[in-house]
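As structure tokens, the structure follows; a few thoughts come after it.
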Amino acid sequence: MSMFVTGIEDDLPEYKLRDFFKVHGKIKSLVCSHMSHCAFINYETRDAAEKAAAACQGRAVIAGCPLRVRWGQPKAIGTMDKDQRTQMLRDARIPREQEESRHQHSLEAGGDTGGQPSAPVVAAPPGGDDAPNYASLSGD
């Protein structure tokens, strides 16, 4: 299972990402693209990826760099245009309080939580039993 991390700054070295995420389990691979401001962290086990997702709750701060952490969907790196990369960087920089207040405003506008405070939500990983299928590993 892979985690998709956005908001990677040019001065955030790959080894700091590796050190931060390896506490949740053995990392199979880590691909960092500073040009696209993102990284993929692939864990050897699904359990390790789920631990990382639960621990991060969608956000992480490494060496003062705020990051957004999501489940990975394999895609070619470097295919985003500049506007998409810029938006990805902006998304990671939204402070948690500002994001929560934005969510609260949307609830007040039409959503109903039944008076219950909303708990942090961790999305279930994609594809329960299937393994990622990377073209580079197919041997073709």
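Note that Cβ sites are derived from N, Cα and C of the backbone, with glycine treated the same way.
According to TrEMBL, the features are:
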DOMAIN    1-74  domain 'RRM'
REGION    75-140  region 'Disordered'
COMPBIAS  80-106  compositional bias 'Basic and acidic residues'
COMPBIAS  119-132  compositional bias 'Low complexity'
Check your understanding: Which numbers of helix, strand and coil residues does DSSP report for the domain 'RRM' (1-74)?
Key -> 22 helix, 29 strand, 23 coil
Review point. Tell me, what is the mean pLDDT of the domain 'RRM' (1-74)?
Key: 90
